[in-house]
Amino acid sequence: MDRQRDGPLALLLLFLGHMITALEVPLDLPQPPTITHQSPKDYIVDPRENIVIHCEAKGKPHPSFSWTRNGTHFDIDKDPKRTEAYEGVYQCSAHNELGTAVSNSIFIRQSRSPLWSKERISPMIAEKGQSLILHCRPPAGLPPPIIFWMDNNFQRLPQSRRVSQALNGDLYFSNVQPEDSRSDYICYARFPHTQTIQQKQPISVRVLDNKPAEERAPVFMVPSETVSSKMVLRGEVLEMECIADGLPTPAVSWVKRNGEIPSGRASFLNFDKTLRITDVSEADAGEYRCIAKNRLGSVHHTIRVTVNAAPYWISAPRNLVLAPKEMGSITCRAAGHPKPSIRWLVNGLPIEDAPKDSSRRVEGDTLIFSEVQTGSSAVYQCNASNQYGYLLSNAFVNVLAEPPRVLTPPNIVYQVIMNKPALLECVTFGSPVPTITWFKDSRSSMLEGNAYVFHENGTLEIHMSQPINSGKYTCVARNNLGISENHIYLEVKEPTRILRPPEYRVVQRKRDVVFECKAKHDPSLVPTMTWLKDDGELPDDERFRVDSDSLTITDVTKSDAGTYTCIMNTTLDQDSASAQLTVVGAPPTPAVIYEQPGAPSDLELTDPGARSVQLTWTPGDEHNSPIKKFLIQYEDALHQSGVWHNLTEVPGTKTTAHLKLSPYVHYSFRVLALNDVGFSRPSMPSRQYRTSPAAPDENPTEVKGHGTEHNNLVIMWKPLTPLQANGPGLQYEVKWRQQDMEKDWTSVSVANVSKFVVSGTPTFVPYEVLVQAVNDYGPGPKPSAVIGYSGEDFPSAAPSDVRVLVLNSTLAEVRWSPVSSESVRGRLQGYKVHYYRERSLHRHNSHHGKQRTEIFSPNKTSGKLPDLLPYSVYNLHVTAFNGRGEGPASVPQRFETPEGVPGAPSFFKVSALDLDSLTLEWGPPHERNGRLSGYTFKYQTVDSKNDLGLLEELDLPSNQSSFTLQNLPHSTRYKFYISARTQRGVGPALTEEAVTILDRAPPVAPAFGNVSSSVSEDGALISWEYWGPEKHLYVEYIIDKSDEDWHKEKVNGSQFHVLKGLKKGLAYKVRVVARGHDDRAVHHSEELLVKVPAMVSPQVDIATQGWFIGLMSAIALLILILLIICFIKRNKGGKYPVKEKEDAHGDPEIQPMKEDDITFGEYSDEDHKPLKGSRTPSSGTVKRDGSDDSLVDYGDSGDTQFNEDGSFIGQYSGKSTHDSSAPPSPLNQPTSVFPPLLPVRHRVASNRVLWRNASRCAGARCQSQSSRDALRNGSLLKLRTPQSHPQQLLMSEDLL
């Protein structure tokens, strides 16, 4: 019986879950109207402008429109009220044959800016020190005006803590002073809609200064009573103000009783007299207290705030698409204070007055539909209202029978960075709602597992994208009427990373500096390198040169100092790195040395005070770098002798500092100077200066209270330092009382501790805690109370109604009812679900699993258990836990997971080889994950080029563990695949390869050739050529004439190998062997004899030896001396004809010897002159000496270009051949998240006609075709105001 009752309930839950997702119906299918755009509910209009009320809708057939005003049908042609009666409540209805949608009620009101009433204002006379109020009383406008006070010169009147403007616009003086006397206190009101400003008559104030003002304690001027109340609506702005009179001027502060003022949403305005809280919530209700205080006393006022709420949606109704005979529901759930009432309408009529429909029933805030028919389509309205407002929402029921269609465009290519999530969309529509399945690369197996998340809207999410995830994906949508599919492509790209970031640089002025920034990126993405200075653009200066991987700054100036950031961007990601540039003064001459400044000297203390002293000193030598600042340090000989602390800093231009000191300290001072090079040595200490003891100036900080046991409260604080103690005998007075339960404080005094334990407390109750510092000279300031809680106890109750919903073979959802707040006995921190695998449902695997725990937040009543093993029995229980620990466990629940895909077989091998047969064996998988239904066995041939042949497939029973393939050709290689399967699908496969035996022994061609060896310090290099099919090659070696086994080293796909670790002075036999899959030797080379010498003598290059270089230098010197002697003797031999000609006509190539050159004229270094016939560049530029590089060197013309930021855009191979007009690749462009915009001219025209005043727009000329269509369809209601056309109130058709 129980099983029979659960059947319809499960079916109902299935249908309700089916209808939860709202569908967007394609516009080519029949559908009831949907309101897409409407004017705001409260619509304040300017009477000088035309009034346009928007009501736009979609539907199929296209809807028609009608209007009501103040609840009655509104026909502009027949309506008699054509003059000024345009104010009222308007509502639009959109109809087609499938239903009617209605808009909100739109309340049209005219903005008003009434004139100030005339009045005669007498001068205000007050005694000095009295309080005073200047009333503004502006006229009531719509919306209310903005108030401000100015003088005759239109200058704002200064306001302060003493003089301020209240929320109602009045000007309050806490106490008047003679400077308040003036005759031009003017209140102005600005009306925002009409943009007009009106002023009140000036007010004259005269302050009498006949006698000294008497000081007085604060008294509140606003509010006047001791307690007031204020109501505010949820989501609005709460403003509270307290203005007090008093002399001296009181200071105002705010606290909230039993709570805290929300720091993120609260602000204190008007010199702390106004507390403003935005976006008010129910938690902001309570009592607020403002305190006004001066030295004569204090006064407080309590404001009781209540928060009500207009209705707001918890679950708004959503459109529902059903197939005939389906079930579904529409839920309308709203909250508010008071609780809103829910009223249903259908096609604009109350549901109780609408035609009866047997497939529909109302249950509170839910409409339930069952066995719907084709004619059941309609639009339902939900109205949630209370005394503060209403909500109105349309939701249609559309009964359709449609096969699936995929709305996502086909063949979209998604690009994503590795290790980032990927979202592949598959937006579908169908009725019944189609189910979505995903496949990768082929339709052979469906995607599943923890690596994928399948969203309800059809989107496939991959948590961590890897290169293996790249490929083609197919989403398939199915329902009982058909099937549709779409292909999507995913490309996973390498991330962009900066490999060599820029480094910190210190450079002198007028020098050059280079920042390097080398990055790596995906080769298919186009990178862009950008440089920033101090998070802004680089200066527009030709000194900044940006290359592909560096930034160069020439002739550095002081303003170039800062932080430089390089950013490598691609279309998908970016990486950045920063470095600091410090610029120091450039030396005037190379001989200048920069050092730290000299130590200051001559410290002197003057102007002694109780807590201050004046310190002067003489600076030391700057050492060519100006002193930037002085650092003053102190030593406390009383509390920390020998330890120096930083006290203050002063600019480098000062040599005097006024030091603020603490009581009860024995001070000694010293000074350090800082320039661009660093700090100087400290100066000699000053004489000791002792300050007198005093009461503490502060109390301990970080005061908190919490319990470590269920019956105690531990009060902790951060103790004062000896410097903060201000005197001897430091103690702490600790006070506590139970909040809202005890009036008297319990106190104790302790010393030299930072905590105190209060025993015997109730469990987890709030306490007010105070900790005050006290020494021999008195107590510290009055501390503020801190709220702490006594200790927690273990929860006393377990979560109830625990139930498990198995979602798939590896995922289950647990649901429970929360524990009561009384049973928590502390602060609930969450729930723990403890579960373990009890056994497998398979008889061969029944071992227990390790217990696992999932933790959920305290507001959760359900959670998911991931990574379950399929086909298993699990046991779980749920506990609640607080800060003390876990409570009792719930009643254990057992559940079973369904079958899953099995694991790979435990082994797979070739057990027998023959001429024409092969026998293979395998073992069942360790992880069966269900009942094995069989094995899938596949095989194919592999030729000598490793190409695969036709794939054959066999289905084998689950009890079979071996198989023999008969009638195979001899000497043929095969590749085999074996995988297990269950009802859920096929698991991963194991592979194996084998070769049938040769029929007879044919003449064997040599498989190896050209085997050779060479010996070096790194080892013996063995090389060879190999023509055989086997891939497993080994180099084997053994010591010559020994009986030991051959040593072998595997070769990784190359045709050479280095044997390392051979012993020197021995001979080795070496061979190369090709082995099959069974490790049998198939081919081997001839044996080589390799001899390793005892010591490999290094080759000596004679040209690098010192003796050889010296010998060659001596020979060159002797030859040079002989040449000089011959030259001198030749010149002494007299003149000869050529010599005479040379003396008569000087050879231009022969130059005299220069004083600053070490070369002779006729034998000068030709490298310093251009070759004959050579040209200088046409631009006149010459490569500068010492330059490491030149962009001209990389191109063959002068077409190298730079961007405006100085980045090099030329190509090293010459002119770029890229066409700048060519369209970019769609894959490399960033995808726009906005739809394409209409041409600007079109948009301006269609918007202008809706808002232009008739006086500024003549005739139909101002209307675009789109606006005419909208007006003709009735989706716009356009009213002309009497100010524009006094005699007519026209519908939009009149304009056509």
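In case you wondered, yes, glycine gets a Cβ from its N, Cα and C as well.
For reference, TrEMBL has these:
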- 1-22: signal peptide (SIGNAL)
- 33-103: domain 'Ig-like' (DOMAIN)
- 114-204: domain 'Ig-like' (DOMAIN)
- 218-306: domain 'Ig-like' (DOMAIN)
- 311-398: domain 'Ig-like' (DOMAIN)
- 404-491: domain 'Ig-like' (DOMAIN)
- 495-582: domain 'Ig-like' (DOMAIN)
- 599-694: domain 'Fibronectin type-III' (DOMAIN)
- 683-705: region 'Disordered' (REGION)
- 696-793: domain 'Fibronectin type-III' (DOMAIN)
- 798-900: domain 'Fibronectin type-III' (DOMAIN)
- 904-1000: domain 'Fibronectin type-III' (DOMAIN)
- 1002-1095: domain 'Fibronectin type-III' (DOMAIN)
- 1107-1128: transmembrane segment (TRANSMEM)
- 1137-1157: compositional bias 'Basic and acidic residues' (COMPBIAS)
- 1137-1233: region 'Disordered' (REGION)
- 1213-1232: compositional bias 'Polar residues' (COMPBIAS)
- 1277-1296: region 'Disordered' (REGION)
- 1281-1290: compositional bias 'Polar residues' (COMPBIAS)
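Of the Cβ pairs linking the domain 'Ig-like' (311-398) with the domain 'Fibronectin type-III' (1002-1095) and spaced 6 or more residues apart, fewer than 3 are under 8 Å, so the two regions do not touch. When each of the listed stretches 33-103, 114-204, 218-306, 404-491, 495-582 is scored by C-beta pairs under 8 angstroms to the domain 'Fibronectin type-III' (904-1000), 404-491 comes out highest. Per-class residue totals from DSSP over the domain 'Fibronectin type-III' (1002-1095), listed helix then strand then coil: 0 helix, 50 strand, 44 coil. On the 0 to 100 pLDDT scale, the domain 'Ig-like' (404-491) averages 90 in this prediction. Broken down with DSSP, the domain 'Fibronectin type-III' (904-1000) shows 0 helix, 50 strand, 47 coil.
Within the domain 'Fibronectin type-III' (798-900), the DSSP-based counts of helix, strand and coil residues read 4 helix, 51 strand, 48 coil.
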